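Colleague: Take a look at the following structure, please.
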Amino acid sequence: MSHDPVVPSAPATDGGATDGPRLGVVVVAAGSGTRLGAGIPKALVEVGGVTLLARSLSSVLGLAEEAHVVVVAPDTHLAETSAVVDAVAGAARGSVAVVVGGATRQGSVRAGLAALVGSVDTVLVHDAARALTPTDLFAAVARAVRAEGAGVVPGLPVTDTVKRVDPAGECLGTVDRSDLVGVQTPQGFPRAALDAAYARAAAEHTDDAALFQASGGRVRVIPGDALAFKVTTAWDLRRAEELVARDAGAGSASSRLRSGIGTDVHAVDASQPLWLAGLHWPGEAGLAGHSDGDAVSHAMCDALLSAAGLGDIGGIFGTDDPELDGAHGEVFLRRTAELVRDAGYRIVNVAVQVMAVRPKLSPRRAEAERILSAAVGAPVSLAGTTTDGLGFTGRGDGVAAVATALVERL
């Protein structure tokens, strides 16, 4: 399905406009989140039942000053991003636009800048992944930009000892950390100067301050906030969850965790195509079943339903539903994930062990993990064993899968 690049909600840039908000905020939410391993764009990952984007947007909309906000989204999840914006912005929806991002972060920021209304003279660029950034930090950066007439970034002193090393790992020396800071977002700039810097930019830069400086702009650092850390890895996500739980008075997230186990077995049926782990395997003998016989997907469903206390796949879906005759495992996974979330749980992760002599999983493991992760909206890991040629799986008579799932009560 194709989408217009801009979801109508605010006027596009009007070069000479003076009426309207002077502050613009570009919220970059177009990242894939590959390192997080969630299978969905990082900004749509939940912390405490609320997406990172929603938390970031809530902080922005908490500003006392009127602002025009542009959320930059991946083209693959434009509708989902717009739905989050609709829910968070409410009556302020008219001041928030959603645009499609570029191939790089720099391209995404450029798209966001182009969508700001003409009255904006001060721009803040913020990563949606820094979801716990307090509203006060946005206000402080905006004030500093106007006071300095320069670029302004929040930062915190580097506390770890920093070493310089060569490509072989040989330590070349210790860096004096007294003048080092780790920078955060939002990063603020005079709008005209930032537009000019982007117009001249030829190389890719790691942040907007570097791009601004490369074009001759001056950048100042103001005190940052420990809560403005970026959620990049699973560890960062756990840290954010614990902070949210603490603030909500809900205690440790571990007290709300539940696990489940699921097992599924299907006999080989050479007359059928093979669907396993959400993938079609051309040239391989298929599996017998009412649906497509995807033992991996079915075991995952049972594990998730068990963890949430919802029963099992047979009791939920049955074999008498004509709509599910021949249905692919991805259909069951998406429906199961929806049931689990409707029951008040967040899916933390799923791990699956496949027992089979064929197909060989290793060459397509990463592809399968991406498909399965996207279907349940959480990280999925896949492993395989031939069971040393023992039993019905070792003889090639069938395929078995065992899955474990972890969910968290919200």
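Here the Cβ of each residue, glycine as well, is placed from N, Cα and C on the backbone.
As listed in Swiss-Prot for this protein:
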BINDING   Asp264, Val265, His266, His290, Ser291, Asp312, Ile313, Gly314, Thr385, Thr386, Thr387, Asp388, Phe392, Arg395  4-CDP-2-C-methyl-D-erythritol 2-phosphate binding site
BINDING   Asp264, His266, His298  divalent metal cation binding site
REGION    1-257  region '2-C-methyl-D-erythritol 4-phosphate cytidylyltransferase'
REGION    258-410  region '2-C-methyl-D-erythritol 2,4-cyclodiphosphate synthase'
SITE      Arg35  site 'Transition state stabilizer'
SITE      Lys42  site 'Transition state stabilizer'
SITE      Arg177  site 'Positions MEP for the nucleophilic attack'
SITE      Lys230  site 'Positions MEP for the nucleophilic attack'
SITE      His290  site 'Transition state stabilizer'
SITE      Thr386  site 'Transition state stabilizer'
Colleague: In sequence order, what residues of the same chain, 6+ apart, have a Cβ less than 8 Å from the Cβ of Arg35 (site 'Transition state stabilizer')?
Modeller: Thr232, Thr233
Colleague: Around Thr386 (site 'Transition state stabilizer'), how many other CB atoms lie within 10 A of its CB?
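Modeller: Excluding its own Cβ, Thr386 (site 'Transition state stabilizer') sees 15 Cβ atoms within 10 Å.
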Colleague: When the Cα-Cα distance from Asp264 (4-CDP-2-C-methyl-D-erythritol 2-phosphate binding site) is computed for each of the recorded positions Lys42, Lys230, His290, His298, Thr386, which gives the smallest value?
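Modeller: Sorting the recorded positions by distance from Asp264 (4-CDP-2-C-methyl-D-erythritol 2-phosphate binding site), the top entry is His298.
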Colleague: To the nearest whole angstrom, what is the C-alpha distance linking Thr386 (site 'Transition state stabilizer') and Phe392 (4-CDP-2-C-methyl-D-erythritol 2-phosphate binding site)?
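Modeller: On Cα coordinates alone, these residues lie 11 Å apart.
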Colleague: When you measure from the Cβ of Phe392 (4-CDP-2-C-methyl-D-erythritol 2-phosphate binding site), how many other Cβ atoms are you left with inside 10 Å?
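Modeller: So the number of other Cβ atoms within 10 Å of Phe392 (4-CDP-2-C-methyl-D-erythritol 2-phosphate binding site) is 15.
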Colleague: Based on Cα distances to Arg177 (site 'Positions MEP for the nucleophilic attack'), point out the closest of the recorded positions Lys230, His266, His290, His298, Thr387.
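Modeller: When the Cα distances are compared, Lys230 comes out closest.
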Colleague: Within 10 Å of Ile313 (4-CDP-2-C-methyl-D-erythritol 2-phosphate binding site) (Cα-Cα), which of the recorded positions Lys42, Lys230, His298?
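Modeller: Cα filter at 10 Å returns His298.
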Colleague: I need the nearest neighbour of Lys230 (site 'Positions MEP for the nucleophilic attack') among the binding-site residues His266, Ser291, His298, Thr387, Phe392, using C-alpha distances.
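Modeller: Closest by Cα: His298.
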Colleague: Spatially, and counting Cα to Cα, which of the binding-site residues is closest to His290 (site 'Transition state stabilizer')? Options: His298, Thr385, Thr387, Phe392.
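Modeller: Going through His298, Thr385, Thr387, Phe392 one by one, the Cα closest to that of His290 (site 'Transition state stabilizer') is His298.
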Colleague: Measuring Cα to Cα, how far is Thr387 (4-CDP-2-C-methyl-D-erythritol 2-phosphate binding site) from His298 (divalent metal cation binding site) in Å?
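Modeller: Thr387 (4-CDP-2-C-methyl-D-erythritol 2-phosphate binding site) to His298 (divalent metal cation binding site), Cα-Cα distance: 20 Å.
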Colleague: Cα-Cα, whole number of Å: Ser291 (4-CDP-2-C-methyl-D-erythritol 2-phosphate binding site) versus His298 (divalent metal cation binding site)?
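Modeller: Checking the Cα atoms of Ser291 (4-CDP-2-C-methyl-D-erythritol 2-phosphate binding site) and His298 (divalent metal cation binding site) gives a distance of 10 Å.
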Colleague: Rounded to a whole number, how many Å is the Cα of His298 (divalent metal cation binding site) away from the Cα of His266 (4-CDP-2-C-methyl-D-erythritol 2-phosphate binding site)?
Modeller: 10
Colleague: Look at the binding-site residues Ser291, Thr385, Thr387 and tell me which residue has the greatest number of other C-beta atoms within 10 angstroms of its C-beta.
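Modeller: Sorting the candidates by Cβ neighbours within 10 Å, the top entry is Ser291.
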Colleague: Please report how many Å separate the Cα atom of Phe392 (4-CDP-2-C-methyl-D-erythritol 2-phosphate binding site) from that of Lys42 (site 'Transition state stabilizer'), as a whole number.
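Modeller: With distance taken Cα to Cα, Lys42 (site 'Transition state stabilizer') is 41 Å from Phe392 (4-CDP-2-C-methyl-D-erythritol 2-phosphate binding site).
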